[in-house]
Structure formats: C-alpha cells, structure tokens
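Annotation source Swiss-Prot lists region 'B' at 20-48. Residues or ranges marked as disulfide bond in Swiss-Prot: 25-67, 37-80, 66-71. The region 'C' feature in Swiss-Prot is assigned to 49-60. For 61-81, the entry in Swiss-Prot reads region 'A'. Look at Swiss-Prot and you will find 82-89 tagged as region 'D'. According to Swiss-Prot, the feature region 'Disordered' maps to 86-124. The annotation compositional bias 'Basic and acidic residues' is assigned in Swiss-Prot to 96-109. The annotation compositional bias 'Polar residues' is assigned in Swiss-Prot to 110-124.
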C-alpha cells in the first residue's frame, strides 16, 4: 500500500508539469514530502535561513505554497530536513582512558587517592 502512495505521488508530481498546475493537500502532501525527503524527514514551515525575508512575510509554510498554490519538486525539497553528518569517532585520548584494564585503573586510583605523589609506580 505504501508503494501505491509513492507511485501516486510521483505520478501526481510528474503529471503536474505536463498537465498544468496541481496542488497537494493533506495526506497527498505528506506522502509527497515523505517520498522526496526520505529518511531525512521534513518541516511544515521552512527553517530559518531559507529564502528572503520578504518571502517569509508572504508564505507561512508548505500548505500555503503547495496546497493553496501549486508547487514543484524543488519547492518540496526546501522543506526537507538537512542531512545529518555522521557521528565522529571518539578521540584517542578518551579511548586510552576508558580502555585501560580494570586492575590498572584500581591501582592508579588507589595511588592518587592516598596522595602518593612521589615517583613510585605500582604495577600489577
């Protein structure tokens, strides 16, 4: 059933270019946004920074632009959420500290908690 909606959205969007202005409202608009944006998700109003300030005064959101008026794929894409950058790997410094074997951590903690500040190294 989901593929049916995607096909319907694609058909609606491609036929609108050939047949003239077409509007998307309600579930059709949501399905079209899901199709265009995919896993990124979407906004019903443009995030700050899109378009000029005069345009923001006239248009309140995607319903104004695509339901009350016709819109194209580029207009729909403007409401997609940005692509999230991949999470960076942990720093090497953090890995060294957290990857220390438990026995060495305990000895290290014991030495620092007793106030042993001399050049003595306790190893197991």
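Glycine is no exception: its Cβ is also placed from the backbone N, Cα and C atoms.
What Swiss-Prot annotates, mapped onto the structure for a quick look.
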residue : record         : contacts (Cβ under 8 Å, 6+ apart)
25      : disulfide bond : 63, 66, 67
37      : disulfide bond : 76, 77, 79, 80, 81
71      : disulfide bond : 23, 24, 62, 65
- prompt: Out of 66, 67, 80, which has the highest number of nearby Cβ atoms, where nearby means within 10 Å of its Cβ, if these are the disulfide-bonded residues?
  reply: 66
- line: Averaging the pLDDT values of the region 'D' (82-89) gives 76
In three-state DSSP terms, the structure that residue 71 (disulfide bond) belongs to: coil
